[in-house]
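Colleague: Below is a structure I'd like to ask you about.
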Amino acid sequence: MGIEGETVVLKNMLIGVNLILLGSMLKPSECRLEVTTERVQRQTVEEEGGASSYNTSSKEQPMVFNHVYNINVPLESLCSSGLEASAEQDVSAEDDTLAEYTGQTSDHESQVTFTHKINLPKKACPCASSAQVLQELLSRIEMLEREVSVLRDQCNTNCCQESAATGQLDYVPHCSGHGNFSFESCGCICNEGWFGKNCSEPYCPLGCSSRGVCVDGQCICDSEYSGDDCSELRCPTDCSSRGLCVDGECVCEEPYTGEDCRELRCPGDCSGKGQCANGTCLCQEGYAGEDCSQRRCLNACSGRGHCQEGLCICEEGYQGPDCSAVTPPEDLRVAGISDRSIELEWDGPMAVTEYVISYQPSLGGLQLQQRVPGDWSGVTITELEPGLTYNISVYAVISNILSLPITAKVATHLSTPQGLQFKTITETTVEVQWEPFSFSFDGWEISFTPKNNEGGVIAQLPSDVTSFNQTGLKPGEEYIVNVVALKEQARGPPTSASVSTVIDGPTQILVRDVSDTVAFVEWTPPRAKVDFILLKYGLVGGEGGKTTFRLQPPLSQYSVQALRPGSRYEVSISAVRGTNESDASSTQFTTEIDAPKNLRVGSRTATSLDLEWDNSEAEAQEYKVVYSTLAGEQYHEVLVPKGIGPTTKTTLTDLVPGTEYGVGISAVMNSKQSIPATMNARTELDSPRDLMVTASSETSISLIWTKASGPIDHYRITFTPSSGISSEVTVPRDRTSYTLTDLEPGAEYIISITAERGRQQSLESTVDAFTGFRPISHLHFSHVTSSSVNITWSDPSPPADRLILNYSPRDEEEEMMEVLLDATKRHAVLMGLQPATEYIVNLVAVHGTVTSEPIVGSITTGIDPPKNITISNVTKDSLTVSWSPPVAPFDYYEYPIDHPSGRLDSSVVPNTVTEFTITRLYPASQYEISLNSVRGREESERICTLVHTAMDSPMDLIATNITPTEALLQWKAPMGEVENYVIVLTHFAMAGETILVDGVSEEFQLVDLLPRTHYTVTMYATSGPLVSGTIATNFSTLLDPPANLTASEVTRQSALISWQPPRAAIENYVLTYKSTDGSRKELIVDAEDTWIRLEGLSENTDYTVLLQAAQEATRSSLTSTIFTTGGRVFSHPQDCAQHLMNGDTLSGVYTIFLNGELSHKLQVYCDMTTDGGGWIVFQRRQNGQTDFFRKWADYRVGFGNLEDEFWLGLDNYHRITAQGRYELRVDMRDGQEAVFAYYDKFAVEDSRSLYKLRIGGYNGTAGDSLSYHQGRPFSTEDRDNDVAVTNCAMSYKGAWWYKNCHRTNLNGKYGESRHSQGINWYHWKGHEFSIPFVEMKMRPYIHRLTAGRKRRALKF
């Protein structure tokens, strides 16, 4: 084994002994040691370039043995309380787990090194003597090592000799690498700093100055000293290895300080403006920086700015002395106000994260908030109460820090009243009704303003009134009606509507000055502006229909003519404007009985008047004849029955001769009588009668007569001798006899006597007388007519006693007729003679018994005139005259024509003709037609009649400028003077309408006609009682086009075209639309339709739409409109909300592009109507046709039919909600009952998170049953991710974001009412009702904010 081995064994034995001693030193009651030994052998090669003068083999390399001693002290035996604090501190100064002590022993000769490492647990044994025991153990180990060294020296003596003796001469000690072996001295010559037999012991300088122990060349100094040679005083904690110890004081390295260099030095020693604490300056107030050299800013600018000269220069978005406050918004302004919204704008910094808008009614109430992104500069607060003043504050928010608010006090407008309608409209009143408000306000103000802004009325009403009847309006006036809500000093926006009062008709209708054929109608004109006045009149009972006149306003009277005398009429008057007609005012009147016409005296005598007149048109039963002298002393009345035929005759008798009578004749009918037809007629003066010669002499003739009975002034006697020189004498009226004297002897005198009164002179009585004796010499014939003759003769002288007159036709002399005459008679009238017959007449004077020779004469009666003249076939320029022929033969007829111009034409008609037509007359002219017969040079008496030619008719009546509702009538005026034209307009569906046009016009515009209607127009002219012939024309109005063609709801590819139908019946419409690019399309639309939606249009294109109505082969004129389709706001919509903003307003299946990428398209069902539309429907249950009890894979990708029941897929939910913030709506229905649940946030995480559900705040009517599932992963029958003991999906036959297990189970079994098995929403129908209809839908949250449909309350 050798010395080396022995040494090793010995050393190990010694160490073991010492450990045993250590164990014995620890009392069992105090500590128990467990020692384990680990021996590690390692080989090292130390080369110190050139230090060794010999090369050694591997076995000469030093051997190092490491001994590790783990001393484990059981805790339960090391727990006394006597451990000193200092010992505890020493033990804990280094490692918190083990105290490690290392020692090394080297065998310099054998190149073996023993390393000893002892591990002791620190604080494992808090015994009172543990520290002391350990210290003693260390000392013993050191002592042991010194003893081993001495022992080794003894064992190594004569190593060379031993080697030589054993024959091992190749072994040379290494001298520990710190010297050279000398065979001469058989020992090592050590290098400087080393000593010992094998140079393995370092040399301690100065022998450690007697202040320590040299161990392995190093001084282990006493506790007060240090240094290589223990000559230096020790510094506290050896300056903590952070400085030099100089004379016991530490000269610390930078940046340390303190007596033991434990403390960090502060920069610049805090510039004298602070205290240094562990290297950090605690600056005085007002200073800052690493060295307190800088002026300090308050709160170090809160980390949101930099300090400059003690002042904080804040980052954008912050303000305040320490930059702790967020900069508030600026310039808060109100951009718009409505009744339920306020639009705000402000200016703010760019760094703002978001804005919080807080608003609350100023009178108190719920404070609500709204948050908007920080890049917004405005917001619209919606769903406010109308008419309230709100305190509004806007905060800027950065990193959840709110700024001071900028505030405003803003009042919402009062709401616009809704539902304005008119219940009752009359001429002067309008009853208005509107819907009430649900909020408090002061009252209403309603105003009626004429469209011309002239005048108007305003009324204020209580707030609980929602209807009002306004009186005192103007008829036919269009009013703008405004209803405004009032609150305090505020006025809401008005709701307006226009209404026109009913046009008033004429009032106070009065019929005056009614005559037999004319009635004068007066009325008070309507106050409204009207197009015309419609006057209708006709017989009561409807006989003959009604005549209608259109009269132009402001006419307020009209003379109705050509009435039937003695008839009961009804007249009504209304006003017309456009198609509106007022109520008619009507009254009845009876025309007067027309007076007899053409009153005339046939013959007259001194005591009688023969009267004749034309009968009245009225059905009079009799006539009342009233007559009296002009003095009116006494009235006489005679009732005369109506004569048969056109005339009635009567004779007034017992009249006063020579007196002028006033005669009035009235027609009498049913106790009523007409105005009288009057005339004055004078009776003849009563002639002195019975003029006789009572005596005669050669120079005188005595006369006697009967006194005239009437009033006269005197008598005038005219006597004319045969010499021809007449003489007159006036005799007072009271005389009845007179004697003419101084006459010529033997002369024949013609003596006549007349009674005179003023200029009136009676018929004369004549007598022939002779001075001396003279018989009747001859007969005088006068007044010869066709049936009578007047015979006169002279007085016989002396006068005869009686006279006998005989006469007979010449060929019938044997049948002479005799007439006895009084002797005083000097004339006689033979009546009843035959026309054109020669009569023989003789006169005999009887004197006593002596009869004179007869005086014979002959006379031929005249030819008789035509009889019964009548007029017929009267036209404007001709008439027909007919008559009965006379009895006597004649040659021809002659008729003169008295023209209005005064010219008299005469024409001859053969005697064989009894009817003749006279032509070339003037229209509307009065003619006197007379007719007599002529034989040779003899003419008969004339028969006469008066006649008016008819008016000539207007000519060339035509209708021009014909439109669907209008036509222009034109004509040529007749030759005669025209007062009015009467136009009668008729069509198949309406009775004739009569229009009165002024006589100076030659055209008339027809309006308000019916489209596509055939009209007949008849027309005649009137002038007084004359009416022209009728002319007529026909025309048809055109087919009217559709009206109000408009384009609305214009989107990118569609437009709604609507119109109002024409008035005429049609078969269909022809609609043509064309674009600017030249494309054109024609559609046939049913007649019942009034709108059509054009689909498939091009975007951003101008379109022209043409529409016309069609009936058979007829088409109306074109009506047109223009519109422009819109463009797509989003070319690749990523959700339904963007489709909606693109103008897609119909619910249905659409394609969305996730994140706007063409490669990520997805078919979805869009709900475009619910709550503003724009929802992606991602689940629907409605009929149970689709099985929802499926596995994980199905729920990931989705299943079902988008038009029916379906699940869109969890992957799709995640991809959609990852695009931004979405909101969720769940609609549920049970029959007519419908509820919804709304959550302002909705997201589904990805597959790695098992599609966890994230939802926001709830609102709605269904109750919040979904928040229970917040944050839960999705579970299916094959993926149980719930927290329940059972598999919820398996138990409840569904798949959901189950927890333990559910409060809503919208994917449960359809129609299953067992507890929790069906489609459940706990807060609405509980767990035992399966909801028959469910839709889950989502849309971007921003859509609600921009649409402003729902107000949300948000917390700070």
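Residue 1 is the first one shown; counting continues down the chain.
Yeah, the Cβs are placed from backbone N, Cα and C, and that goes for glycine too.
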Colleague: Among Cys283, Cys307, find the residue that Swiss-Prot gives as the disulfide bond partner of Cys297.
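Modeller: When Swiss-Prot is consulted, Cys297 turns out to be bridged to Cys307.
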Colleague: Under Swiss-Prot, which of the candidate ranges 127-157, 375-405, 1212-1242 is annotated coiled coil?
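Modeller: That would be 127-157, per the coiled coil entry in Swiss-Prot.
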Colleague: Looking at Asn806, Asn1034, which one is marked N-linked glycosylation site in Swiss-Prot?
Modeller: Asn1034
Colleague: Can you check which of Asn790, Asn961 Swiss-Prot annotates as N-linked glycosylation site?
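Modeller: Going through Asn790, Asn961 one by one, Swiss-Prot flags Asn790 as N-linked glycosylation site.
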Colleague: Mind checking which residues of the chain, 6+ beyond the ends of the domain 'EGF-like 3' (235-261), have their Cβ under 8 Å from one of its Cβ atoms?
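Modeller: Hits for the domain 'EGF-like 3' (235-261): 226, 267, 276, 279.
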Colleague: Given the disulfide-bonded residues Cys297, Cys307, Cys314, Cys323, which one is most crowded in terms of C-beta atoms within 10 angstroms?
Modeller: Cys323
Colleague: Between Cys314 (disulfide bond) and Ser176 (O-linked glycosylation site), how far is it from one CA atom to the other, in Å?
Modeller: 71
Colleague: Can you figure out which of Ser176, Cys297, Ser302, Cys307, Ser723 (the recorded positions) comes closest in space to Cys323 (disulfide bond), comparing Cα atoms?
Modeller: Ser302
Colleague: Please state whether DSSP places Cys297 (disulfide bond) in a helix, a strand or coil.
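Modeller: In three-state terms, Cys297 (disulfide bond) counts as coil.
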Colleague: Find, among the recorded positions listed as Ser176, Ser271, Ser302, Ser723, the one whose Cβ has the highest number of other Cβ atoms within 10 Å in the structure shown.
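Modeller: Per the Cβ count within 10 Å, the most buried is Ser176.
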Colleague: Cα-Cα separation of Ser176 (O-linked glycosylation site) and Cys297 (disulfide bond), in Å?
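Modeller: Per the Cα atoms, Ser176 (O-linked glycosylation site) and Cys297 (disulfide bond) stand 67 Å apart.
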Colleague: Let me know the DSSP-derived helix, strand or coil state of Ser176 (O-linked glycosylation site), please.
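Modeller: In the DSSP reduction, Ser176 (O-linked glycosylation site) maps to helix.
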Colleague: With DSSP helix as H/G/I and strand as E/B, how many residues of the domain 'EGF-like 3' (235-261) fall in helix, strand and coil?
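Modeller: The counts are 6 helix, 10 strand, 11 coil.
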Colleague: Is Cys323 (disulfide bond) helix, strand or coil when read with DSSP?
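Modeller: DSSP assigns Cys323 (disulfide bond) to coil.
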Colleague: For a three-state summary based on DSSP, what are the helix, strand and coil counts in the domain 'Fibronectin type-III 8' (954-1040)?
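Modeller: Counts, helix then strand then coil: 0 helix, 51 strand, 36 coil.
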Colleague: Does DSSP give Cys314 (disulfide bond) helix, strand or coil?
Modeller: strand
Colleague: Quick check for the class: what is the C-alpha distance, in angstrom and rounded, between Ser302 (O-linked glycosylation site) and Ser271 (O-linked glycosylation site)?
Modeller: 24
